[in-house]
Amino acid sequence: MSIPLEQPENVVVLRQTMYLLSLMTILRDQQTGHSEFVRTANLIINMLMQEALSALPYKKCLIKTSSGGTYTGVQPARDICGVSILRAGESMEYGLAAACNYSVPVGKLLVQRDETTFEAKLMFCKLPKDAQDRLVLLLDPLLATGNSVILAIQTLINKGIPEENIVFVNLIACNEGITNVFAKFPKLRMVTASIDPELNANKYVVPGCGDFGDRYFGTC
């Protein structure tokens, strides 16, 4: 089980139930096959989307029920959109769409990491045309050094999206990455399923789960 350090107050970690821990065990196991990896990842992603959407602002609304009564409920107070960091972030798009009745626009960012310097470079950016007026869920399953996510967040800010309107949704993070990201963006909000203690010499999360994109899309 991962042992997180004290985290910024804007970081929400899913409740570490036995069920979630069992899913994380399957996800991390190098013996887990492709179809089981995808099934397990999707279950965790669904949990993350529920938590992320619960953190967004809501407003009261009055509806009529099929029984002839009225009900005071809530509905989102702001429109949202997703932005996935390619390619691994695309694995989280279906979970977001399913949680929002498939009506949420999704943008794409391609950020590549130099395997020698570990620096990130923006290669492609396509956002929904009104992204600056929406709350943005930034999707990337793994957070290692934080360089790619920092570049992605700065790109969103440069496009007119306020830092406080960005929620980073993530499966596995590490302490170093969280520290680096929040040192630059303290108003950011983050939802993750697990926080691992360290990076290895190649700057991969340990214990981690391997290359998430390769395992999810079956290219390993």
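Note: Cβ is positioned from N, Cα and C throughout, glycine not excepted.
Remember, it's a predicted structure, so these values are computed and weren't measured experimentally.
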Per Swiss-Prot, what member of Arg15, Arg28, Arg39, Arg113 joins Arg87, Asp140, Pro141, Leu142, Leu143, Ala144, Thr145, Gly146, Asn147, Ser148, Asp211 in binding 5-phospho-alpha-D-ribose 1-diphosphate at one site? Arg113
Residues near the GTP site, Ala77, Arg78, Asp79, Ile80, Arg134 excluded, by Cβ within 8 Å of the Cβ center? Leu56, Pro76, Cys81, Asp133, Leu135
Of these binding-site residues, Arg78, Arg87, which scores lowest on Cβ atoms within 10 Å? Arg78
For the binding-site residues Gly146, Gly210, work out the Cβ neighbour count at 10 Å and name the residue with the minimum. Gly210
One should report the C-alpha separation between Asp79 (GTP binding site) and Tyr204 (D-ribose 5-phosphate binding site), rounded to whole angstrom, as 35
